[in-house]
């Protein structure tokens, strides 16, 4: 099998450009992938965010397929667009990899990026391919606000409620299962809890809920990329409010309790302090919570503070396992 | 001195957000750095491109200051916006670095990014900071077309002329001087040819010429990031035309001939096959070449081909030293 170094940057970029050209909504496209830059004519204010994933730190090739890793990088970046109430329209991608990387691996990473982008009805607008000593993926997502206001982190006010777009704990549970098996647990665990493992490999939040929340008048929003506890701290500080979460009301994905029992871990740990889920967390007027969202707490005026079941989050915050230095 | 690992991602990102907040034109800004994503309201079609630079491959900390390295990453990415006729409005940045990196180095990299972005009257819209085993910078540039059409690579037609926005060879000459000194040449060379060394460390193309060229009706345009020879091949293929360059008419930066004599190298090599210059190369109607641009060749109908002084470029192409695998 050929390596990236043997095939060369030009030939690979040509393959990427071909892969990017098919699919996706191209209504607003002026110039696509393959030129110095892409050009598009947005239909509203533009939302932009960037996210980098590094092999061995954010993903492992022995735990996920290259296609899942590529797709996940898009989900993580696109979630930031949804968290503003935006709709993803395009991504630009940078892939760094060692010259000795098999071409097949890079093509699969790219296929995952392209597939997931097209699943969101968006386009791959361009990218860069460079030599690096480890695989590094940077996905920059672009979206538009389609008739809604941008939903910042700072808009939560006393009297509102906090709600979640979906259940938590899947990615953290799946990672815990993979880690347990690596450290000697029965590999059957991965089959028994395959839904959780798949949620780790490729989280599937309904990012369309970002626009739904914005249309419903969400006052503040973020995605749960750093774990719920971190996110409520961030929102409380940005909005200068107190946030109280009722841990019993935080929805957990199916199977989490059973995995917790199997591994001897409180599953609330995964739901409260796990990260890289990308479900959306938003503050609403109590009467404005969209269907399908779960109210998990309240916003009140006062000193910026985040509490779970009335207690300070300091201890729980210490649980988090994904924070990088 | 503290390291990135000791200070942590959150504290550093807060410092970056503060640095990004000052300066730059913020007329179209809705939400800046520090939220899940930034939001801006563009005044025209949006131009986007991404560019990654890796330590040891695209820059060296013993050859450039961190501030120059950060600024250069912005120049390289912004040049792709100019090459479409666009005006830079913002950048998003991803920095990967080892946890043991001194904080000062990362702050200086970021300062270079912020300074150069502000020099272009644009804003740092956000970013990501991750742990990686080597320093990796990805700059995604965003711009707008301000009343002009996008200038693609594919628009050159027979009867037009090819022109350059400025002289070439500085970055390649500077790199050759640094490399020669590393291999035993007299370090005084770096003082004698300091303009060339500085051009390598931080190229200063006048990127405003991108919009000037678009206003003048440029038919095709690119920046000279891969060396002039590579760029004319790319344009000839994209436009399906023959391009003839007269090497004697390619302007060289001052001092290049003297450095060539000192190192026993034909300086045309640096001007024709050096890269990472980011001067602009465009095809115009003969009567439409903007002031300050230098005509270096012609475009004619026929089989896609690129020739220098009538000869095939195959041999000269082999000179290039920057192409990555």
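All positions are counted from 1 along the displayed chain.
Any Cβ shown, glycine's included, is placed from N, Cα and C.
Cβ contacts within 10 Å of residue B:223 (Mg(2+) 3 binding site), excluding its own Cβ and spanning all protein chains shown: 29. Annotation source TrEMBL lists Mg(2+) 3 binding site at B:36, B:80, B:223.
Within 10 Å of the Cβ of residue B:49 (Mg(2+) 4 binding site) there are 29 other Cβ atoms, across all protein chains. Residues or ranges marked as Mg(2+) 4 binding site in TrEMBL: B:36, B:49, B:80.
DSSP gives residue B:128 (Mg(2+) 1 binding site) a strand state. Of all Cβ atoms in the protein chains displayed, 24 besides its own lie within 10 Å of the Cβ of residue B:128 (Mg(2+) 1 binding site). Per TrEMBL, Mg(2+) 1 binding site is recorded for B:50, B:51, B:128.
Residue B:51 (Mg(2+) 1 binding site): 24 other CB atoms within 10 A of its CB, across all protein chains. Under the DSSP three-state reduction, residue B:51 (Mg(2+) 1 binding site) is assigned to strand. If you look up TrEMBL, you'll see B:51, B:80 marked as Mg(2+) 2 binding site.
Residue B:58 (substrate binding site) falls outside any helix or strand according to DSSP and counts as coil. Taken from TrEMBL, the feature substrate binding site applies to B:58, B:276, B:319.
Residues annotated as ATP binding site in TrEMBL: B:127, B:128, B:225.
What TrEMBL records for B:226 is Mg(2+) 5 binding site.
Marked as domain 'PurM-like N-terminal' by TrEMBL: B:34-144. The DSSP breakdown of the domain 'PurM-like N-terminal' (B:34-144) into helical (H, G, I), extended (E, B) and coil residues amounts to 34 helix, 45 strand, 32 coil.
According to TrEMBL, the domain 'PurM-like C-terminal' annotation covers B:159-303.
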Local Cβ density at residue B:80 (Mg(2+) 3 binding site) - other Cβ atoms counted within 10 Å:
29
Length of the line joining the Cα atoms of residue B:226 (Mg(2+) 5 binding site) and residue B:36 (Mg(2+) 3 binding site), in Å:
35
If you count other C-beta atoms within 10 angstroms, which of the binding-site residues B:50, B:225 is the most crowded?
B:50
C-alpha spacing of residue B:51 (Mg(2+) 1 binding site) relative to residue B:58 (substrate binding site), in angstrom:
11
Just name the binding-site residues among B:36, B:80, B:223, B:226, B:276 whose Cβ comes within less than 8 Å of a chain A Cβ; none is a fine answer.
B:36, B:80, B:223
Using DSSP with the three-state reduction, classify residue B:223 (Mg(2+) 3 binding site) as helix, strand or coil.
strand
